[in-house]
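Features of the protein shown, as given by TrEMBL:
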type     : residues                          : note
ACT_SITE : His9                              : active site, tele-phosphohistidine intermediate
ACT_SITE : Glu82                             : active site, proton donor/acceptor
BINDING  : Arg58, Glu82, Ile83, Asp84, Tyr85 : substrate binding site
Amino acid sequence: MTLFLCVRHGETNVLGRVLTGREPGVHLNAQGWRQARQLAERLRNVPLQALCTSPLERAQETAQPLADECGLNTRIVPEINEIDYGDWQGYSIEELAANPYWTEYNRYRGLYRVPGGESLAEVQLRMAQGLERLRGEYPEGSVVLISHSDPLKTLFAYLLGIPLDFITRFEIDPASISAVEIGTSTPRVLCLNHRDNLSFLRHGEK
């Protein structure tokens, strides 16, 4: 049985204002670093087999205090990267709001492909494939994945059998933890968007 602790990266200065996508150079702000340190404190008693992150700086920075705390090297996993937002990358949300296609995209997330980028179905597929690959490599114990809001939403929609159009109905906040146990039978989601004490997990706690 593998426990996956899926974390959204901490806050940045452009969070909620700019569709940064995979743009380099987007770093945690002061609040994001506080959230990263709090994450390390929350997970300090969980024995981890691996600490995996998206290739982007904000995810790797979120992992750093936890890596220091648990003595693990971070492992970059391409499958858990942010969505490729293609032609929309770098635009402000205000600018995108004037685009009718942006409105349609947000209404029917499961159907539309970002111009020049990925569809949510493609994101969901690579997230699920990445999870399955890591489960094969770490069949027991706890693994942290530090990723991004919408990719994590697509993953948990897959695990819970929720249509992709409905992923706007739940939140994945910065530095929150969403946990799933995966063994030989049906995956079991233990929490979603959790920001509090994790003692209820008790998965090989130190």
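Each residue, glycine too, has its Cβ placed from N, Cα and C.
Keep in mind that TrEMBL annotations are predicted by a computer and have not been checked by a curator.
Projection of TrEMBL feature records onto the structure.
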{"residue": "His9", "record": "active site, tele-phosphohistidine intermediate", "contacts (Cβ under 8 Å, 6+ apart)": "Leu28, Gly32, Ser54, Leu56, Arg58, Ala59, Glu61, Thr62, Ile146, Ser147, His148, Pro174, Ala175"}
{"residue": "Glu82", "record": "active site, proton donor/acceptor", "contacts (Cβ under 8 Å, 6+ apart)": "Thr20, Gly21, Arg22, Ser54, Leu56, Ser147, His148, Asp150, Pro151"}
{"residue": "Ile83", "record": "substrate binding site", "contacts (Cβ under 8 Å, 6+ apart)": "Gly21, Val114, Gly117, Glu118, Leu120, Val123, His148, Asp150, Pro151"}
{"residue": "Asp84", "record": "substrate binding site", "contacts (Cβ under 8 Å, 6+ apart)": "Gly21, Arg22, Val114, Gly117, Glu118"}
{"residue": "Tyr85", "record": "substrate binding site", "contacts (Cβ under 8 Å, 6+ apart)": "Leu19, Gly21, Arg22, Val114, Gly117, Glu118"}
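DSSP assigns Glu82 (active site, proton donor/acceptor) to coil, not to a helix or a strand.
Apart from the site residues Arg58, Glu82, Ile83, Asp84, Tyr85, the chain places the Cβ of Thr20, Gly21, Arg22, Leu56, Asn81, Gln89, His148, Asp150, Pro151 no farther than 8 Å from the centroid of the site's Cβ atoms, the recorded substrate location. In the three-state DSSP scheme, His9 (active site, tele-phosphohistidine intermediate) is classed as coil. In three-state terms derived from DSSP, Arg58 (substrate binding site) belongs to a helical segment. Just so you know, the Cβ of Arg58 (substrate binding site) picks up 27 other Cβ atoms within 10 Å once every protein chain is counted. Among the residues the record lists as binding substrate, namely Arg58, Glu82, Ile83, Asp84, Tyr85, the two farthest apart have Cα atoms separated by 17 Å.
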